[in-house]
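Colleague: The annotation compositional bias 'Basic and acidic residues' is assigned in Swiss-Prot to 131-152. Per Swiss-Prot, domain 'SCAN box' is recorded for 1-39. The annotation domain 'KRAB' is assigned in Swiss-Prot to 74-146 on the grounds of sequence analysis. Taken from Swiss-Prot, the feature region 'Disordered' applies to 49-69, 131-155. Swiss-Prot lists 269-291, 297-319, 325-347, 353-375, 381-403, 409-431, 437-459, 465-487, 493-515 with the feature zinc finger.
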Amino acid sequence: MLQQLLITLPTEASTWVKLHHPENAKEGAPLWEDVTKMFEGGALLSQDADETQGESLKDELTPGTPTTDSQELLTFKDISVDFTQEEWGQLAPAHRNLYREVMLENYGNLVSVAGCQLSKPSVISQLEKGEEPWMTEKEGPGDPNSDLKSKTETSASNAKYNILQEQLYHGMMMERFMRDDVIYSTLKKVSEYDDELEKHQDRHGRNVRQTIMTHKKRSQETYKFGKNIVSSNVVIEQRLRKCDTPRKRNKCKSDVINHPTSYIRVKTYECNICEKAFKQPIHLTEHMRIHTGEKPFRCKECGRAFSQSASLTTHQRIHTGEKPFECEECGKAFRHRSSLNQHHRTHTGEKPYICDKCQKAFSQNISLIQHLRTHSGEKPFTCNECGKTFRQIRHLSEHIRIHTGEKPYACTACCKTFSHRAYLTHHQRIHTGERPYKCKECGKAFRQRIHLSNHKTVHTGVKAYECNRCGKAYRHDSSFKKHQRHHTGEKPYECNECGKAFSYNSSLTRHHEIHRRNVFQNNI
């Protein structure tokens, strides 16, 4: 069925459909509708398909040979780009090699589509011999005997046919980009395609220009660059359409070439271990250090090593105290931009991370992850000394200080040290007199939240801690633990002088008074 559809088309339109690679009639039918709408009016779709099939393709593709309808068929000139000696000298070596490769491939594609041997242009001969393919100022691009006069006098149907020529050129170039996935080839094609449109505007005027731009937009939506290039030309053309004057247009074209990542999203560098792809080779190099474990960036202050230079820069702010990211709302400063972004949510009240089990919302993703462990019971962080497990790594770090005796938090008022930052915060309220937790019932204030919770039981009369041995109940957890020592016989408080042990800390304190009195009496 697909072959029958192709037979009913003229050779040029059939070639256009084949470039879209339909695998069956079902996929080919929409293309048939497109090409019918595109060329309805008699420009290309002959009323008699057999007559179109019988024409000699070789004669049609010979430059300078007019057709019966004054329609110009696709020649190598239409898909080639010429440079003067000055322009050629401004091209970088990589761009020259790319130009040589694309031009040779375009000529090969044209010969393949035509199905016959075309006369070889001089520029192709120069490229094959390795010569520089620039032309003199007196020469015009392409064949000097081209049908320029007939182009300027073309009708609306000729304009539609020129659209097909551009579509065919676009399709042949598209095959190269989908196969190679090279960003510079894409940019080169966009630049050449845009130059062709500017020439077309000069030949046919603004009304035909609008027709071509409308058709080109539909063409861009039809073609897909694959997973790595997503609608890049549509973005570029929308940007270029806003440039009305030649000066603005040249600036826009320069922006496209100089800043390709603003317009085209391409991932061309792939990790051969995990197959993750990156836009730039430096990002791939940094990623490979995850697999190799290499950490070439070392802090001179503490000797800590990092795999990325940016990580070292961020770490050094710990030593310098630099906090370059400041909140405009409250003036609080942060070392990391991500910390500032998280802090902003305290002002906006935004909590985008929601637990799907209890619908509790959190402002940070890490808070949600930690919360989920309360549902799963997971405690992934284990102490190597005693085997105790924790849900959060900071809780493990604080616990390890019990074994090491480390107390890194010191009070600036009395130099007392603490193993936890929270303990230091509570202690500093002794010096400042701050009591932020206030009872709503009686107005009494407390330094710690736990003290307020214990106090509330006085008003409620609740004694939540009940001994399962004797049934005695207590309001406070600390009182309940002391009572249990009556049953267990535990005496955790031991005198350093005589080794006597006690169940309560207060009993040990009173016992110490005995030793102090004895020492005082002996000195007398």
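Glycine residues also receive a Cβ, built from the backbone N, Cα and C atoms like all the rest.
Mind mapping these onto the model and telling me what they sit next to?
Modeller: Looking only at the domain 'SCAN box' (1-39), the predicted model's pLDDT averages out at 51.
Within its own chain, the zinc finger (325-347) is flanked in space by residues 314, 317-318, 363-364, which lie at least six positions past its ends and keep a Cβ under 8 Å from the stretch.
According to DSSP, the zinc finger (353-375) comprises 11 helix, 4 strand, 8 coil.
Across the zinc finger (381-403), DSSP helix (H, G, I), strand (E, B) and coil residues number 11 helix, 4 strand, 8 coil.
Long-range contacts of the zinc finger (437-459) within the same chain: residues 426, 429-430, 475-477, each at least 6 residues beyond the stretch ends and with a Cβ under 8 Å from a Cβ of the stretch.
Within the chain carrying the zinc finger (465-487), a Cβ under 8 angstroms from the stretch's Cβ atoms is held by residues 454, 457-458, 503-504, all 6 or more beyond its ends.
Under DSSP, residues within the zinc finger (493-515) fall into helix, strand and coil as 11 helix, 4 strand, 8 coil.
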Colleague: Same chain, outside the zinc finger (381-403) by at least 6, Cβ under 8 Å from its Cβ: which residues?
Modeller: 370, 373-374, 419-420
Colleague: Same chain, outside the zinc finger (409-431) by at least 6, Cβ under 8 Å from its Cβ: which residues?
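Modeller: For the zinc finger (409-431), the nonlocal Cβ contacts are 398, 401-402, 447-448.
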Colleague: Which residues of the same chain, at least 6 past either end of the zinc finger (353-375), have a Cβ under 8 Å from a Cβ in it?
Modeller: 342, 345-346, 391-392
Colleague: Under the DSSP assignment, what numbers of helix, strand and coil residues are found in the zinc finger (297-319)?
Modeller: 11 helix, 4 strand, 8 coil
